[in-house]
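Here is the structure we will look at.
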Amino acid sequence: MGVETKRATPTTFPVREKRIRVLWLILPTLLVLGILFLGGFFFGVLQSFGLFSVVVDDSSGVSLDAYRAALASEKVRAGLVLTFRIAVLATVLSTIIALILAISISRTKRFQKLIISLTQFNIPIPHVVAATAILLTFSQSGIISRVSNAIGLTEGTSDFPIITNDPSGFGILLSFLWKEIPFMCILILGALRGPVTALDETAKTLGASYSYRLRKVIIPYIFPSILSGTIIVFAFTFGSFEVPFILGQPYPPMLSVATYEFYTDRDLVNRPIAMALATLTSLSIAFLVLIYMRVTRRETRKK
């Protein structure tokens with residue numbers, strides 16, 4: 001009897017070896033990003049504690065003076081209130097509007113692809129371009145104001161209502177909504193196309209009304225996707241710089257703009273305050289990212 005020999009098959013790496021191989025492949029990129037980002041971040045943290053200060057005096061050393069000065073600043077307090085209010089409003093409103101749009105689109109049979117394309121056309125547009133477009137369209141010297149003045153609805157640009165660069169941050173909120181609603185709509189539409197469709201059909205077969213299915217089946221099932229999206233939107237709007245810089249007022253500034261103003265101040269003593277604000281903002285966003293990772297990991301395990 002001949003000895004049977006198994007045909008050689010391509011080497012299959014264990015999961016651990018695959019991960020190590022992938023890590024080696026991306027290591028050069030990780031090193032560059034780590035040095036540029038983490039190096040700058042830790043240097044900023046050290047400066048916030050008074051080390052490597054550009055202003056050297058007898059009192060130079062490790063201290064929390066920058067954090068105390070930041071928390072005691074009236075500009076920072078007012079900016080924190082404005083930042084938190086705009087971030088919450090942008091997150092809540094974009095989630096609610098996107099949920100309504102996504103559910104309406106999912107129930108629409110005709111022209112569904114066209115409607116989705118129209119809903120998502122502005123996603124590739126950078127936020128700085130979106131903010132500039134809002135400024136050119138809705139400012140007192142913008143397109144709508146000039147058209148309104150031309151047809152006699154207003155007398156001069158000063159009669160047009162202040163929408164951008166206003167103390168309440170309405171222009172900032174408008175720009176965020178224009179960008180974040182389509183983003184949230186994509187997430188929710190993706191969740192609505194999952195297994196929840198079969199569950200909804202089963203509940204419908206059993207005689208459940210649409211409002212009941214929406215409250216008891218659809219929204220509970222897609223809630224993790226909604227929660228993940230809201231965390232992303234809140235983290236982004238909380239730390240965004242370009243939108244409030246273009247559409248905001250000098251006072252009160254959002255935290256990111258206040259950080260920039262402290263950093264570019266002619267008085268170099270304020271440089272550590274900027275680093276302290278940047279550190280606190282970064283840690284807050286990192287905390288939100290950890291929550292997002294925890295939520296997504298839990299849902300992945302369930303699936």
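Along the chain as shown, the residues are counted starting at 1.
Cβ coordinates come from backbone N, Cα and C, glycine included.
Some features that TrEMBL has for this protein:
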DOMAIN    80-292  domain 'ABC transmembrane type-1'
TRANSMEM  22-46  transmembrane segment
TRANSMEM  82-103  transmembrane segment
TRANSMEM  115-138  transmembrane segment
TRANSMEM  176-196  transmembrane segment
TRANSMEM  217-241  transmembrane segment
TRANSMEM  273-293  transmembrane segment
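Contacts between the transmembrane segment (22-46) and the transmembrane segment (115-138): absent, as fewer than 3 C-beta pairs lie under 8 angstroms at sequence separation of six or more. Contacts between the transmembrane segment (82-103) and the transmembrane segment (176-196): present, as 3 or more C-beta pairs lie under 8 angstroms, all at sequence separation of six or more.
Counting same-chain residues at least six beyond the ends of the transmembrane segment (217-241), those with a Cβ under 8 angstroms from any Cβ of the stretch are 83-84, 86-88, 90-91, 94-95, 98-99, 103, 127, 176, 180, 183-184, 187-188, 190-192, 194-196, 199-200, 203, 208, 254-257, 260, 281-282, 284-285, 288-289, 291-292, 295-296, 298-299.
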